[in-house]
């Protein structure tokens, strides 16, 4: 870097000779810009360009929301433009970007300021470099391209910014428009300077433009956190959080210095150096580079040969960001401050604090500021600065920030550096010197003259020469001067006069000489250095006063063009002085004609720009509407902005909740509500939830809501209701309708109005029902249990959707407390938040589950009939609601519910009625292993197998296990820790007699044990301390400490104890923990029955082998001389029973023969429309008393109808199927006289698919002789329907015409026969050619048969009837086909609707046909049967009268199938290709799937049940369960009694249920205390029939650190307490259940005492069983929702990981207890004495993503150790196909083909091929027409068909796919991937 400036004469330096600018606020010109800076003012304001309230979010957290409503804006109308001046037509001006227009005006002003005329510029080598960044006008026009003006391409093209200037001024140099973002104009300056230096141009104009016309860039910059919230730029201040945007248009004119001097131009400043560079690869593209900025500054100074030390001021980029400002200050410090004197600080400022960041114009804003600073010698303050940045130590640097305006320091050269950075890394720098010092250093002159300058007048010879700049000495004279003014028209001239007068009047002069100088300069400037326009005027004056006066008086002479073109404007007859004539630089610019504005904005764009509301969290932002009173909102839901949505997961997918759609509709309604009235509530009705909106983690979901007045008619508009629809799109391809419905806004009315009174009464009824519901709900449920239950079926609710805090319930009802969900502070407030509303909806689930009945499937809302939401719903953090709900199952897969919520003031907040929820899955738990039926594997059993035959036993289980081997003993001494009993002495003697090789057995008597502990170190010890006696359980402190020393010192322990007494198992439990706490310890236990202890010699052999064996096993038992080891096995049988109990007595399906069943059967509904899973169950109704008016029919046949299909598929809510049957009367009621046993009859009814059917006699009819049972079973429904429609309702008369739709079906064929009988002209529709032929065979004329697949039949009917139509329509079609049929009616016609689709969907009906006096009637025979059975009986009689006289016959064709093929029969109807009727025969001997129902136990209301430890979480749950099972007397024992709030509440609720509760404080480990408690209980309560022992004390600590007291505290309640219960409760019990723990099975670390106690309890259960007493020990695993471990934070270590995947739910424990109690109440018991639960497998751990449990290292658990990979390998091995003959290949199943695949790609291709074939078959199209890139729903796979597809996928691929996956917006490829991932057939390499 040079230390001094180069000063050679003749230079290529570039001068700035003219400028113009327009900035925000008062800075409407360059002079006013300088005034703003000096006065410390700001152009900051709220945005006038768009409605800031529509785009800014005060919370600033939503994407595409503006962080600010403020900026720095031009005061002028940006649409105003002087188009005539530039010769631009209005049409073209309309299309021009205001940046182009303003650039033209500013360019002219800059040329004018430089003294350059249009004439001089024309054809000149002038280059034009214009920098820009944003194009808001272009974006505005592009918002609505259809409305764009003709010249849009030239008007908005960015290149035109430069080209337009070059074109107008006829500039012939380079013309470049450039965009380097915020550095654009300074880069343009650099390029312009280069063009001058290279000689390709002689003049250059540099421009920059930045207008902020739209909101888009505000929002996009906000996305990247660029903008400050208050719209201010706080340059270098610690409070800076971003920059404030600013508008500005500026231009400067450049010339080479030599040329400027030669042309007598103003040299405002000299550009000494420029440079540009790029940041390169930084951490992010918008982050600055310190190194690049340092290089940038150095390059500029090096290029100019400049010294850093001469620079006093640095005009920094200084946007006010915490990332950019510190880096820039550091770069300045590391360049200009190097080797700088410490007393010469660099002053750093930024113009952005005044006018904001003008982006593309920012560089020129800094340049113009710097020019004025150089000229004026003043440094303006940097405003908005108070505290230095903490990231840069300003105080220790040589930098300072000016906080007040001050003069330039010193008198030397004035030099300024200017920085400008682009946000993409394009940087620019310029160095300016003041003109005087520069010219002085070069010995050059300057032609600059400020009109305020008082520079001395050079004396000359008295000649005043016209504008050549020569210096001649003359004498002073009073000669008058001529001033030339011009304009494009008279108005322009007048405006120029006015601005000039205003300017001149601001001048003051110190003497006449300075006034004369000013006048000479003014005359020179106006005459020679300004463009001359066609309207001109000459003013002659000799003084300023005279000049002003003449202008104001318009005293001037018109000037013709000839005169104007001469250089005679300044008279020179008398030359009195010579003055150097200079161009004045501060004269007012040309006065533009801004009377016209040009703004080509469409309505659509304007509505967007001026929208009233911003994007909000639910509905997004308002959109332009396309209809009167239509409103549209659109937004993008991003999980990063709305994280609460992630907490709503259905079947593993994030699904937008139904409550969200309701909340959206309410928010939209709030937007358009009458602001002059108070809203009371929002009412919704007929809300249909359609396709689910699935949200992906990183893909925003587009949501659109439309709202308009509800058009209930096509010729009018009803305004009381608004119809809304919500759509979504997540793949930028397909929009899907998610929800639609109706909403009305209810406003507050006067309290005495009829509406208010009625509403008050209605609310009172709801509140009363709410109160009564709360009173009857006594069963409590923990919210955690509810949410885990919901998660088990696939409704995975996270924190935001877990706001239910209290639950009480009974069958069908619930009462809950719901907290108001409050999102974080950035979210916009809602009338009601979706999470809050969703949790209100969730209260229906406890009502549905009732008294501990689990929820079987994931159910989601599909229809809401009515809802009301109060407008002032509480949403504060502490607010909550109390609600009541009722719910019931309605059909196979639907629930019907309602609920009401009140706030804390007991005011109604939300009510809902007719909430329909539909099942979309079965109960599953994806995080736990399940069998094929979806049941959870929670139970295990402990099995003892021979130690020598382990392998062969376990081969039966198809698993391997650790071998059990024996080896010769080690050559070492073995110590015998000898007990006192004779058994111990005998064993000791026997051991010592054995040949031990080099070692020997050394006995240590018990009495010497304490003194010999040091001899145990590292030894093998055989402990006989508990042979025949108890050492451990009752050990005193010394004995306990001795035990601890034994365990600590010995390396190998073989402990022998009794298996006959339970106390001998204490050491077994402790040893399990010891092995887990000390991995190096070998601690083996041997349990020996008392009878085997006599054979000491054989026992010694066994013990000797165990002492030396390297076996991995540690627990042994000697039984009958056989040594055994234990293994833990899955207990599938118990699992199945528990699952059945948990399913409220669900079925187990077994094949049975119809004749062998021995009881009546009925067809049961399968799950979720699984036609292949239809089964039969016992018909309990057949066992009840036959009513007096009933008959009993032994069914021989039953008819199948399409309604059966709809019920099974879940599309019609019903619990039973089958509506017609035939058979033989088997019994008659006492009042029945018309039938006898043995009569052949048929019946119409409900649930007729059963072997024995009961019906009232009125609905039964004898069948004629000769009519088969199959025929008779097909008569009732179809004929009663046809008869009712045609004869009863339509009142058909002979000669009338009838249109029968779907005429080839059962009803259609029956209707044809009745119509023929009545003599009607028949028109009919069918769907295929075979059906057409069938009708023709039935006598329908060929030209009267039409197609039912489209609406062509309507044209055919009207054509055939010559426009009259038909008299009767029997309709079963829907939608447009119904509408067309309705319009086919003749005058006075009758339309009879027997379909239900349009009724279910609440479709609208055209009213205009009623003008023809038409009648529309709808009915369903089933409803007549239920509601008017007498009428139904009469119809049935009339039908059989027709059949009897052979007027009609049973419907043909008739397809008969055995009842065992009912699934196939239903599927046939589902396909829609059958003709006639289908009947099922009930012949005995058929094989049917029969369910054996498990019945939950019923507890006696005359017995007492004892619950020990009944006030813990699990104890209270069991108490409630017992009450639900019928118990009415409970004795609850606990150490402290019912002291806790929860215990008291539990007792109160039990007593409210009618349960007598005796709560006694009792220590069960104290036999006396327990006996007293039982005596008290016997006095006040019935006999005790059952005991639950759940007492426990936890004292967790490692055994090494455990005290004697801690040992006994844990043992006493379980060991002593359970023994005492055993002693006192020996006989007369229905059950004795011990709640032990799985921790006693594997030996939980730090719980040796607890494990020992648990092992004792297990042994005691076996002991009681051996004595013929009731007993079961349940080793319960971790609880997920209740008990001491209900809160996950209470668990430590691996238990935290195990709880969720392996833990038990409350419903599991209840199911287990139900099973145990039911089994124990039988004699003998059918279950083992010990049941293990809660043990997870390695595979389950792998699926859960956790480490395998450490207990799996124990050989006892080897059968649970199989991983997923091992399981797949085993499966692959077992399923390896044998060689297949070629002729059998075609018979391979899909499973075979998939298993044979060799790669994932092959499997995927195969599955896709099969799926496409299925879709093509469904559509009856060619396979080639199916595009796998499209979602399934695009091929008509709606919710009904989706069920079929799901069932097909399950059957074909063994893959359980959710309905959401089938109806999702994803392409078929994605569905195929899911099938491949879930198929049980697959085991393919990756």
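Glycine is no exception: its Cβ is also placed from the backbone N, Cα and C atoms.
Here Swiss-Prot flags 182, 317, 357 as active site, for beta-ketoacyl synthase activity, drawing on sequence analysis. For 648, the entry in Swiss-Prot reads active site, proton acceptor, with the evidence type sequence analysis. According to Swiss-Prot, the active site, proton donor annotation covers 838. The annotation domain 'Ketosynthase family 3 (KS3)' is assigned in Swiss-Prot to 11-434 on the grounds of sequence analysis. The domain 'PKS/mFAS DH' annotation in Swiss-Prot covers 616-926. Per Swiss-Prot, the feature region 'Malonyl-CoA:ACP transacylase (MAT) domain' maps to 483-568; the stated evidence is similarity to another entry. What Swiss-Prot lists as region 'Dehydratase (DH) domain' is 618-924, and the listing cites similarity to another entry. Taken from Swiss-Prot, the feature region 'Enoylreductase (ER) domain' covers 1169-1480, and the record attributes it to similarity to another entry. The region 'Catalytic ketoreductase (KRc) domain' annotation in Swiss-Prot covers 1503-1681.
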**Prompt:** According to DSSP, does the residue listed as 'active site, proton donor' fall in a helix, a strand, or coil?
**Reply:** helix
**Prompt:** Looking at the active-site residues 317, 357, 648, which one has the fewest other Cβ atoms within 10 Å of its own Cβ?
**Reply:** 648
**Stretch of maximal Cβ-Cβ contact with the region 'Catalytic ketoreductase (KRc) domain' (1503-1681) [cut-off: under 8 Å; candidates 483-568, 618-924, 1169-1480]** = 618-924
**Item:** Pairwise CA distance, residue 357 (active site, for beta-ketoacyl synthase activity) versus residue 648 (active site, proton acceptor), rounded so that it is a whole Å
**Value:** 43
**Message:** Test of understanding: give the count of other CB atoms lying within 10 angstroms of the CB of residue 182 (active site, for beta-ketoacyl synthase activity).
**Reply:** 28
**Complete:** Cβ neighbour count (10 Å, all chains) around residue 838 (active site, proton donor) is 25
**Message:** I'm trying to understand the geometry here, so how far is the Cα atom of the residue listed as 'active site, proton donor' from the Cα atom of the residue listed as 'active site, proton acceptor', in Å to the nearest whole number?
**Reply:** 9
**Request:** Tell me the residue counts in helix, strand and coil for the region 'Malonyl-CoA:ACP transacylase (MAT) domain' (483-568), as DSSP assigns them.
**Result:** 45 helix, 14 strand, 27 coil
**Request:** Looking only at C-alpha atoms, tell me how far residue 182 (active site, for beta-ketoacyl synthase activity) is from residue 317 (active site, for beta-ketoacyl synthase activity), rounded to the nearest Å.
**Result:** 9
**Prompt:** In Å, rounded, how far does the Cα of residue 317 (active site, for beta-ketoacyl synthase activity) sit from the Cα of residue 648 (active site, proton acceptor)?
**Reply:** 47
**Item:** Assigned conformation of the residue listed as 'active site, proton acceptor' - DSSP reduced to three states
**Value:** strand
